[in-house]
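Pulled from TrEMBL:
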BINDING   Cys108, His110, Glu143, His169, His368  Mn(2+) binding site
DOMAIN    195-283  domain 'Peptidase M20 dimerisation'
Amino acid sequence: MTISDEPVTLNNRAARLLPQLQTWRRHLHQFPEVSFQEHQTAAYIASELRQMPNLEVSQPTATSVLAVRKGTQPGRTVLLRADIDALPILEENSFEYVSQNAGAMHACGHDGHTAILLGTAKLLSEQAETAGELRMIFQHAEEQSPGGAEELVFQTDLMDGVDVVTGLHLNSQLPSGVVAVKPGAFMAAPDNIYITILGRGGHAAHPEEAIDPIAIGAQVVGNLQHVVSRGTSALEALVVSVTYFQAGSTTNVIPERAELKGTVRTFSPELRERAPELIERVVRGICDAHGAKYEFRYELGYRPLINDDGVAEVLRQVALETVGEDRAVVAQPTMGGEDFSAYLQKAPGAYFNVGSGTRELESDYPHHHPRFTIDEEALVTGVQMMAAAAQRLAQPD
Ligand SMILES: [Zn+2]
Ligand SMILES: [Zn+2]
């Protein structure tokens, strides 16, 4: 590290960390591990954290890592969260640190989130004075329901005494370095539906003797859109998408059954509670009308992610000070889901986005795309935001 005349602000310290952030992120990118299998990833994170001063490092579960910085002054307990898992995707990038684990890829940017939280841990651990208690959780298995957050929040003592939570997701659809925050509903609950229509098979030339599950299933698909357009208020966000329809095997046989699967996305907990009955009523009505039976299963995914207004306001202030008015924007709500919502069951908090998309670097592919990558400059913005937010949120009331 060279000695420079620049003032030693958090922003400057984070900017100087870029080569280290790249090293961490590229190592993680090269050796991705999918949800609940992040053993090498967790070992790497723990060994990097153990080289930093003033941190207590532990593993609350087999593949998650916790670093705690106990403050030198009174204050609040702040939880900072990064997710660390990769996806079962065959990477199509060609840079030198491309995935070495064929069939696994950091295609959502969690390698970047991990590097950002390592960088944040480094800055905060080297700080002589800190307020409150800073807990940095490197969470496993965000990408696979029921999610790693559920386990950490409800089966470990991670959240005991936590006053406030924050975390971020890189966003390839926002320009690199932009910080997006919004109060209130931010991300949807991603639930799943499974429908089996039980008809009666027969000869395709004599449909009157059969109960055709395909014709009935087609009506179910069409009528489910009425749940959205006629069954709920236009002011309540709801998406119902049937994404799977499987039936039959040849041209002259009406099959016995049709299998349908799909996703239901909501923000409002009240609407989410009503959704299973609204949907089943349509399935039941159509099947009854045509003499078919059915099986229906509604699978709850992650909870909707509702940001606390007060914490979101603090993050907005931090964003204004960190990246300036031009790059601090109001986030758009998204119908995507995120298990960060589990932490918010135990403490108020807010989740935000840091843009990582740069056309010239081709880092604007959508998340989960086999050519997804990030503009690594965004890692610096991520550290600046996380470290500043942690310090601000840890101040005593
Ligand atoms: Zn993802
Ligand atoms: Zn993600």
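Here the Cβ of each residue, glycine as well, is placed from N, Cα and C on the backbone.
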Ask   = Which binding-site residues from the list Cys108, His110, His169 come close to ligand 1, meaning a Cβ under 6 Å from one of its atoms?
value = Cys108
Query = By DSSP, what is the split of the domain 'Peptidase M20 dimerisation' (195-283) into helix, strand and coil residues?
reply = 35 helix, 30 strand, 24 coil
Task = Pick the one among the binding-site residues His110, His169, His368 whose Cβ has the fewest other Cβ atoms within 10 Å in this structure.
result = His368
Arithmetic mean of per-residue pLDDT over the domain 'Peptidase M20 dimerisation' (195-283) = 95
Task = Enumerate the residues of the same chain, Cys108, His110, Glu143, His169, His368 excluded, that satisfy the criterion Cβ within 8 A of the mean position of the Cβ atoms of the recorded Mn(2+) site; list them in sequence order.
result = Asp83, Asp85, Leu87, His106, Ala107, Gly109, Glu142, His367
Message = Give me the count of other Cβ atoms within 10 A of the Cβ belonging to Cys108 (Mn(2+) binding site).
response = 22
